[in-house]
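Chemist: Straight out of TrEMBL:
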type: BINDING; residues: Gly121, Thr122, Phe147, Asp232, Glu233, Val234, Gln235, Thr290; note: pyridoxal 5'-phosphate binding site
type: BINDING; residues: Arg150, Thr289; note: N(2)-acetyl-L-ornithine binding site
type: MOD_RES; residues: Lys261; note: N6-(pyridoxal phosphate)lysine
Amino acid sequence: MSGQRPEGWAGTPVTGAELTERYQGSVMNTFGVPARVLARGEGSTVWDVDGNRYLDLLGGIAVNSLGHAHPAIVEAVSTQLQTLGHVSNFFISEPQVRLAEKLLSLIGSDGRGRVFFANSGTEANEAAFKAARRTGRTRIIATEGSFHGRTMGALALTSKAQYREPFEPLPGDVTFVPYGDVAALEAAVDDTVAVFVVEPIQGEAGVVDAPEGYLQAAREITSRHGALLWLDEVQTGVGRTGDWFAHTASGIVPDLVTLAKGLGGGIPIGAMIALGDAATLLQPGNHGTTFGGNPVATAAALAVIETIESEGLLAHATARGDQLADGLARHPRVKAVTGRGLLRGVVLTEPRAADVQTAAYDAGLIVNAPTADRLRLAPPLVLTEDEAAQAVATLSALLDEVLA
Ligand SMILES: *Cc1c(COP(=O)(O)O)cnc(C)c1O
């Protein structure tokens, strides 16, 4: 890339300031005003329209699993779009079937598992919510600090008062229990509970780990009461933690698993995987979607999964994640580094994560501050060893400067 404009750029040159003003005059204000206008990306690097370069340690919030402009996704999407772009669910397309089979094989389905495709995390969760209602029970147990999305059903399971309260009444019968607390879960679950929904690692809460044994206990408790166990792996799934799923290491078999973010590597797609008896809860006519499972999105997801396999990105995510964690944990302003693989929380000694995020942008590093005292890192799984070293060095210097 040379000069200020991205290569191949057509049209009149615009600046970040100008586009930000036009954004404010045309795009609905639900996100506040974003701090930068991005123009292009490659690997783990993005450039803004003013020509500044950033090492992307957020990856579109754990979405760009193969980084930006990965040739495997470009090729899969382009080829599929030139062949068959959309068919509706009145018809079958091959990429959809291949992706469903692939996901079931990665999750270790016994042959009874089935996949419902959607277009986002919140939609995957709506599908799971509706499946849970088909058990004939209505009570749902969710966790404090949870994030499951913004549609009315998913919002009902999301604990943050600031997100929920403007939209109440929400679909009901949801009880929140402290995350990671086995005794509280044991007390909340009885034979009237339809489902316990939980993130194996809470992402939006700032990458909060569950204590050892929590998922196993959740499996045991829900099974004992005939309730479903639903793992929201929208943020943690598809290689993010160094395993295909964050629950893989626990050895448990959940009933429902929802995926989205990293699955399409930037192409919108969500999936709800139902295992065992749960696979037949939704029957013909119970749920649907026009776009869900479309050939382009499923071809992109297949390319993501095949590339993770062919490039050994699970082991790579573990190695690069440990490199980031080991490097940052040494800093005197870092209390702890949470998470696994390339989903990491950096807990600061002071509640100044937002200031660090702002300074990081100025220093050419994209990080995110989900809470007052935590930074979240969710870089592309293709982050190189050099880039990880650079990330540790730049972030450490920023912490010295901002938290001096
Ligand atoms: C991001 C997220 C969602 C919502 O996904 P969208 O694609 O934004 O609708 C749901 N659950 C978890 C755990 C998430 O991280």
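Placed from the backbone N, Cα and C atoms, the Cβ positions cover glycine too.
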Chemist: Can you tell which of the binding-site residues (Thr122, Gln235, Thr289, Thr290) has the fewest other C-beta atoms within 10 angstroms of its C-beta?
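Modeler: Among the binding-site residues Thr122, Gln235, Thr289, Thr290, the lowest count of other Cβ atoms within 10 Å belongs to Thr290.
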Chemist: Would you count the other CB atoms within 10 A of the CB of Val234 (pyridoxal 5'-phosphate binding site), including those on all shown protein chains?
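Modeler: Step by step: centre on the Cβ of Val234 (pyridoxal 5'-phosphate binding site), count other Cβ atoms within 10 Å, giving 29.
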Chemist: From Glu233, Val234, Thr289, which binding-site residues have a C-beta atom under 6 Å away from some atom of ligand 1?
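Modeler: Only Val234 meet the Cβ criterion.
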Chemist: Within its own chain, what residues at least 6 apart in sequence put their Cβ under 8 Å from the Cβ of Glu233 (pyridoxal 5'-phosphate binding site), listed in sequence order?
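Modeler: Those within reach of Glu233 (pyridoxal 5'-phosphate binding site), by Cβ under 8 Å and sequence separation of 6 or more, are Glu199, Pro200, Phe245, Ala246, His247, Val257, Thr258, Leu259.
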Chemist: Looking only at C-alpha atoms, tell me how far Val234 (pyridoxal 5'-phosphate binding site) is from Arg150 (N(2)-acetyl-L-ornithine binding site), rounded to the nearest Å.
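Modeler: Val234 (pyridoxal 5'-phosphate binding site) to Arg150 (N(2)-acetyl-L-ornithine binding site), Cα-Cα distance: 13 Å.
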Chemist: Do me a favour and check the Cα-Cα span between Gly121 (pyridoxal 5'-phosphate binding site) and Arg150 (N(2)-acetyl-L-ornithine binding site); whole Å is fine.
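Modeler: Here the two Cα atoms lie 9 Å apart.
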Chemist: Report the same-chain neighbours of Lys261 (N6-(pyridoxal phosphate)lysine): residues 6+ apart in sequence with Cβ closer than 8 Å to its Cβ, ordered by sequence.
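Modeler: Within the chain, Lys261 (N6-(pyridoxal phosphate)lysine) has Cβ neighbours under 8 Å at Ile61, Ala62, Val63, Gly121, Val234, Gln235, Gly237, Val238, Arg240.
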Chemist: Is it possible to get the count of other C-beta atoms within 10 angstroms of the C-beta of Asp232 (pyridoxal 5'-phosphate binding site)?
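Modeler: Around Asp232 (pyridoxal 5'-phosphate binding site), other Cβ atoms within 10 Å: 30.
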Chemist: Hey, what's the Cβ neighbour count for Phe147 (pyridoxal 5'-phosphate binding site) at 10 Å?
Modeler: 23
Chemist: For the C-alpha pair, I'd like the distance in angstrom between Thr290 (pyridoxal 5'-phosphate binding site) and Arg150 (N(2)-acetyl-L-ornithine binding site), rounded off.
Modeler: 20
Chemist: DSSP three-state call for Gly121 (pyridoxal 5'-phosphate binding site): helix, strand or coil?
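Modeler: Gly121 (pyridoxal 5'-phosphate binding site) sits in a helix per DSSP.
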Chemist: Determine the minimum-neighbour residue: among Gly121, Arg150, listed as binding-site residues, which Cβ has the fewest other Cβ atoms within 10 angstroms?
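Modeler: Candidates: the binding-site residues Gly121, Arg150. Fewest Cβ atoms within 10 Å: Arg150.
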Chemist: Does DSSP put the residue listed as 'N6-(pyridoxal phosphate)lysine' in a helix, in a strand, or in coil?
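Modeler: Helix, per DSSP.
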Chemist: Taking just the CA atoms, what is the gap between Thr122 (pyridoxal 5'-phosphate binding site) and Arg150 (N(2)-acetyl-L-ornithine binding site) in Å?
Modeler: 6
Chemist: Fill in the CA-CA distance, Asp232 (pyridoxal 5'-phosphate binding site) to Arg150 (N(2)-acetyl-L-ornithine binding site), as an integer in Å.
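Modeler: Cα of Asp232 (pyridoxal 5'-phosphate binding site) to Cα of Arg150 (N(2)-acetyl-L-ornithine binding site) measures 14 Å after rounding.
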